[in-house]
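**Q** Below is the structure I would like to discuss, written out as structure tokens.
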Amino acid sequence: MPKSTGLLSRELTEYPVGGKRIWLLFIAILANFIASYEAQIAPVLPLLLNDLNITLAQYGVVSAISVIASAISGLIVAPLSDKYGRVRFLVPGLFLTAVCVFCMALVSSLSGLLLLRILLAFVDGLALGTTAGLVRDFSPRLGRALAFGFWTFGPVGSNFFAAAMAGWTLPIYQSWQSQFIIGGTVATVSAIVIMFNIRDLSPKLRAHVIENEVELNKKASEDKKTVVKPKMRDILGIPHIWMLSIGVSFFLLTYLTIASFGPKMLVDAFGYEPHAAASIAKYFWLFNLLTLLIAGWVSDRLQLRKIVSLTGAILFALYMLFFLSLFGKEVSDGAMMIYTSILGGLIGIAYGPWCALFSENAEDVNPSLQSSAWAVFGLVSKMMGILTTLIAPLVVAASGWDSWLWIAVGVGVIIYIPCLFAGKGPWLRKKVEHKPITTVQ
């Protein structure tokens, strides 16, 4: 039953089952998608920079500062959301996003752009921890990898949606401002829908390992112990949480490179026209999302995270030996679409089960600290993103894109695999018995 104390603090005292749980999971995924979509600027970036007389180097500084703001926001808000609930921070953040996106249509200077990008990045960082916490809250372990596969639709799917919206409406309105007006409208409507539908679990329910929804309600009803508010330092002091975060962030170096420079890399290394390169690059994201869902489903069926992720990482490394051999050769558009699709797909096989593994490892430390754990991952991965944008251009200028990708793949796989072994969980057999559900003291 919901405990009504206001739109931003409605708590469920019984764990939702069936369609209600699926609906709440969808709302959490929608919130992550909206936060990611409203932070998109790439489709209109050339028009915006030209109109405001901002250089690419200046925008690079704006982007780096924004990423730092995003990482900091996660560290600040995540422990608060673990203590007081996710919704009371997420929903106001989404409305702030809507205001900022409308204001983007009025920006006329570098300083104005910097301020708004920082605010948007702050909400994006806030959303990572809070929505990841909600996805954990509404996904028992039997379906967690698939749920997190859908959760990744936020950053991945928002790239598609923003590009599609710009491709459809820019020829009609012929101004970059139109995209922010459209985005602000989408954000406002979505925030209203989310506000009236989203719920938090009560602290007592959040304090349980979620193996099975029916069993959880039984255990929670029998548990009369008081739940102590969680402290973020409890998760910061766990070595394997850091190792999992660092390992996967290095593994995602290639992913981050494609996200930041994918079309440019295809133009420089293979001589495609810019519009053709952009069209080819989108297939990376499409198949990345597809395999995230497939690998998540397989991982959930087997209840094995580490072996599925390891298989994806090894296949990715082997495939990159072939992919990197293509650099400097003439490759048709159709063939490159297939090659980039496979690349994105193999990364998804490794990353989807890792998300479930990370969530479950954090849950085993303290079920109430899910957002805090994801804030740790957000900090490490965003710092890796900054390093990628700073170091990759230097390596490319000196030795070419293939040299950088050799580094990204080699370092990523070599660091990721040992860190994956640090994670807690079975390799080749699922658990015979569920771990007893415990309450945090």
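Backbone N, Cα and C atoms are what each Cβ position is placed from, and that goes for glycine too.
OK, TrEMBL features for this one:
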- 21-37: transmembrane segment (TRANSMEM)
- 24-427: domain 'Major facilitator superfamily (MFS) profile' (DOMAIN)
- 57-77: transmembrane segment (TRANSMEM)
- 89-108: transmembrane segment (TRANSMEM)
- 114-135: transmembrane segment (TRANSMEM)
- 147-168: transmembrane segment (TRANSMEM)
- 180-198: transmembrane segment (TRANSMEM)
- 241-263: transmembrane segment (TRANSMEM)
- 283-300: transmembrane segment (TRANSMEM)
- 307-328: transmembrane segment (TRANSMEM)
- 334-354: transmembrane segment (TRANSMEM)
- 374-398: transmembrane segment (TRANSMEM)
- 404-423: transmembrane segment (TRANSMEM)
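Distances, neighbours, how buried they are, the whole picture for these features please.
**A** If one looks beyond the transmembrane segment (114-135) by at least 6 residues along the same chain, the residues whose Cβ comes under 8 Å of a Cβ in the stretch are 24-25, 28-29, 31-32, 35-36, 38-39, 41, 62-63, 65-67, 69-74, 77-78, 81-82, 86-87, 89-90, 93-94, 96-97, 100-101, 103-104, 107, 147-148, 151, 154, 198, 200, 359, 370-372, 374-375, 378, 382.
Within its own chain, the transmembrane segment (283-300) has Cβ neighbours under 8 Å at 142-150, 152-153, 156-157, 159-160, 255, 258, 262, 308-309, 312, 337, 340-353, 355-356, counting only residues six or more beyond its boundaries.
With a cut-off of 8 Å between Cβ atoms, the residues of this chain six or more beyond the transmembrane segment (334-354) that come close are 145, 148-149, 152, 244, 248, 251-252, 254-255, 258, 266, 270, 272, 280-281, 283-296, 299, 304-306, 308-313, 315-316, 319-320, 323, 326, 416, 420.
Only residues 6 or more beyond the boundaries of the transmembrane segment (404-423), in the same chain, are considered here, and those with a CB under 8 A from a CB of the stretch are 239-240, 243-244, 246-248, 250-254, 257, 305-306, 309-310, 313-314, 316-317, 320, 324, 350, 354, 357-358, 361, 392, 395-396.
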**Q** So which of 21-37, 57-77, 180-198 has the most C-beta pairs under 8 Å when paired with the transmembrane segment (147-168)?
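**A** By Cβ pairs under 8 Å, 21-37 leads among 21-37, 57-77, 180-198.
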**Q** The transmembrane segment (21-37): which same-chain residues, six or more beyond its ends, come within Cβ distance under 8 Å?
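**A** Apart from its flanks, the transmembrane segment (21-37) reaches 15, 90, 93-94, 97, 123-124, 126-128, 130-132, 134-135, 137-139, 147, 150-151, 153-155, 157-158, 161-162, 183, 186-187, 190-191, 193-194, 197-199, 213.
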**Q** Any chance you could find the range in 57-77, 89-108, 241-263, 307-328, 374-398 with the most Cβ pairs under 8 Å to the transmembrane segment (180-198)?
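**A** Maximum Cβ contact count belongs to 89-108.
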**Q** Between the stretches 89-108, 241-263, 307-328, 374-398, which one has more Cβ pairs under 8 Å with the transmembrane segment (57-77) than any other?
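**A** Between the stretches 89-108, 241-263, 307-328, 374-398, 374-398 has the largest tally.
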**Q** Sort out the residues at least 6 away from either end of the transmembrane segment (241-263), same chain, that have Cβ-Cβ distances under 8 Å to it, and list them.
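**A** Distal contacts: 159, 235, 274, 277-278, 280-281, 284, 288, 313, 316, 320, 343-344, 347, 350-351, 354, 357-358, 361-362, 365, 373, 376-377, 379-381, 383-385, 388-389, 392, 404-405, 407-409, 411-413, 415-420, 422-423.
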